[in-house]
Amino acid sequence: MGVKKKERKFGFIRLIKLLFSTLIGSTILSGLIVTPALIVHFYWYKPNPTDHRKYVRDNVEAWLFWAAANVSISWGLALIVDIIPAVIRFIIGLTWGHVSEAIKSRLEMYSSVKEPIKPVLYAASCWVSWVIIFVHIFKLYDMDDESTSRAAYTPRVYQVIEFLFFFALIICAQKMLSHFVAFSFHRTAYRERLQEVQEALKAIEKLRTYRPKRRHPQKSSFGRSTPIFSALLTPAHERDHFFGGRSRPGTPGGSRAATPEEHCTSSDDDRDATLVARKRKGKARRSWLPREDKPDLRVNTADQHKYPPSPLGGSPSNSGSPAVGSRRRSFDDDPAVVIHAATQAAKALKTAMLHDARNIQGKDEDVNGLVWNVSSSYEAKRLARSIWHTFREPGRTYLIPRDFYPAFPTAAEAEAAFKVFDKDNNGDISRAEVKTTLLKVYKERRFLSRSMRDVGQALTTLDNVLLVLALIILFFVSLSIFGVNIESSLTSLYTIGIGASFIFKNSASSAFDAIMFLFVTHPFDTGDRCFIDDENLVVKKMGLFATIFARADGTETYYFNSMLFNKFITNARRSDKTAENLTMQVAWRTPIEKLDQLEKCMNNWLQTEENRWFQPSTSVTLQKIDYQRYLEITIGIPYNSNWQDWNLRLQRKTAFHAAVNYYSRQLGLVAYNSTIPVAYANPETLEVAPMTPGDEDGDMPESPAPEPVDRKERSNWMGFQPPPEDGIPSGMRRRKAKSKKAMFRTFGGADGF
């Protein structure tokens, strides 16, 4: 991929991280801290033991022993905090056999707030260990009578350590509250979107990394007897079928696993591999056991063997006799099992010894599906084309659930992955649906990352507000710890507080409304299309106090969240499949049979439309008769998605109008006002003549004849492609139409909206 491999150098910063993050480093660091105390004891105090030297020795040893003890104890406390979820999962799984979703949610909440717990435990261990060492071991501090302490500085140090404990307690409580708010907010606001994106990316990753089983190509009459020349003379999208078997569903799923040679020979597919996947492949090759040889691709799949034979497997000669092979493997497997168990134990010990309990090296963010190698719409289209050509059967222009079976271990997982692309549940997938789904997942992932970033900034502002409140509480606690007279100090503080309440009253009210609007109501996320006061806006950036919207013309609008609190907001992204009506007028004398034919033609086009932009049913509804001058009808436009993508909505709307125009011209539907009869009266008698001079029926224009259609040449007009005579373009299957009742529910009733 052209990415330069980063060299890992052993520097001073990395040494410091190793000493503070791992158990081995903490042990070494504790030993280094204790070493000066031992030197002072054996080489400075022992040769000349005086009272002064004893006092100096006790102070040096007390502080160094206290520091060394806390270095090791803090790592152990952090490890206990980290392994609590694993222990709870193990105990519940061992007792009940299954961990419920409620328990998992609580464990996730604990994992989100566990980091602020560690500093509180560190401060508590420092306080307790200081009391044990300075009071009970070296007798440097007297808790009963501070004036009689051996070290005169220890009373003030004791107050500082007590203050540090309450400082860590209050600050960590504030951080836990912020993390709890963030976790609860993300779980309610983004849980469904994250789950949907994760499921989609999981299915896409399975399809992307799937490599069909390739057989040895037969020699051809054109001299292309090697895979190299065959690959050069064969299109990229046909190589899988050239190397593969005759039919994908006829091959067992177990025999279609990818081999190392396949990963080396595939050129186009390897470009889709992510850097993360490549790193995992590299890590997977490192093992303490010798790796078995690669299987030979030249043998038949029905009689596979390893060449040369590995020590742990049977030879080719006795591969057909399982009785002898099983008797031999029963003795050979014992050392392998012992070596495997020892390897696993060594890996577990290594993980425990090198565990970063203090999180010095930084948190390993697990985005669970938001990491994807597709970073542009071009790559999404290229990946869609790769998936389409990999799973498409020759001679067929759509995919069915059976095509996904080889890529997944079970049929249920394959059908679930198929539903990711089959949004209309018609049982097949077109090429346009694969591309549309991948582009939608790419955009959703990008909008999710931006929205979570903006919400993170808002949460940072909220965290700062809570931090100010925590510092105010800490101030009053510190007055009590250091023995300050609170009554005399609070008089001036009360005056300042009352004055500030009048000054910041409106600001505090606006801040509260903004917090409620963003974290409780939460009507939109970054990237959502919203309709506010007849304005079509897209959320560009969210903040705690203001939101930036972008219009279609490129201008940006700033709205204060306190103002949006009292407005009606329509969110297009959170809406389901949306529909609207096309309104048109036809002549008063238009036969009803032609309107029925127009409805049938539109339904036929919707059922066979290649892009799957619409639901496969619509209806023509008579809405109004205007004094017998014309008929006003509405035709429902049943979009297959919402209006989040505004350009796509306009393309679909244009294509639907073009289809109505096309079929209206074919059926001869026109629109004009009815002829107004004119009556002539005698000017003298003012009597109306019994007949008008002209014949009304004779002057009535006839409906134009249907226009001829050129079936030989099919063009695409504004997104609408007329179907051929059979009504099924490009071999696509006809989608199942909805019933009248279900169709009317789509448009909110029988009369449209």
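Glycine too: its Cβ is placed from the backbone N, Cα and C atoms.
Annotation comment: TrEMBL describes 20-44 (among others) as transmembrane segment.
TrEMBL lists 73-99 (among others) with the feature transmembrane segment.
Marked as transmembrane segment by TrEMBL: 120-141 (among others).
Feature annotation from TrEMBL assigns transmembrane segment to 161-185 (among others).
Per TrEMBL, region 'Disordered' is recorded for 240-331 (among others).
Marked as compositional bias 'Low complexity' by TrEMBL: 244-256 (among others).
Annotation comment: TrEMBL describes 259-268 as compositional bias 'Basic and acidic residues'.
The compositional bias 'Basic residues' annotation in TrEMBL covers 277-288 (among others).
Annotation comment: TrEMBL describes 312-325 (among others) as compositional bias 'Low complexity'.
The domain 'EF-hand' annotation in TrEMBL covers 409-444. For the domain 'EF-hand' (409-444), the list of distant contacts is 193, 196-197, 199-201, 203-204, 206-207, 253, 372, 374, 376-377, 380-381, 383-385, 387-388, 397-401, 527, 610-612, 615-616, 640-641, 645, 732-733, 735-736: same-chain residues at least six beyond its ends, Cβ to Cβ under 8 Å.
Long-range Cβ contacts of the transmembrane segment (455-482) within its own chain (Cβ-Cβ under 8 Å, at least 6 residues beyond either end) map to 159, 162-163, 166-167, 170-171, 173-175, 177-178, 181-182, 185-186, 189, 489, 511, 515, 518-519, 525, 542-545. The transmembrane segment annotation in TrEMBL covers 455-482 (among others).
Positions annotated as region 'Disordered' by TrEMBL: 689-753 (among others).
The compositional bias 'Basic residues' annotation in TrEMBL covers 732-743 (among others).
Outside the transmembrane segment (161-185) by six or more residues, the chain places 108-109, 112-113, 115-117, 119-120, 122-124, 126-127, 130, 455-456, 459, 462-463, 466-467, 469-470, 473-474, 477-478, 481-482, 519, 522 with a CB less than 8 A from a CB of the stretch.
According to DSSP, the secondary structure content of the domain 'EF-hand' (409-444) in residues is 25 helix, 1 strand, 10 coil.
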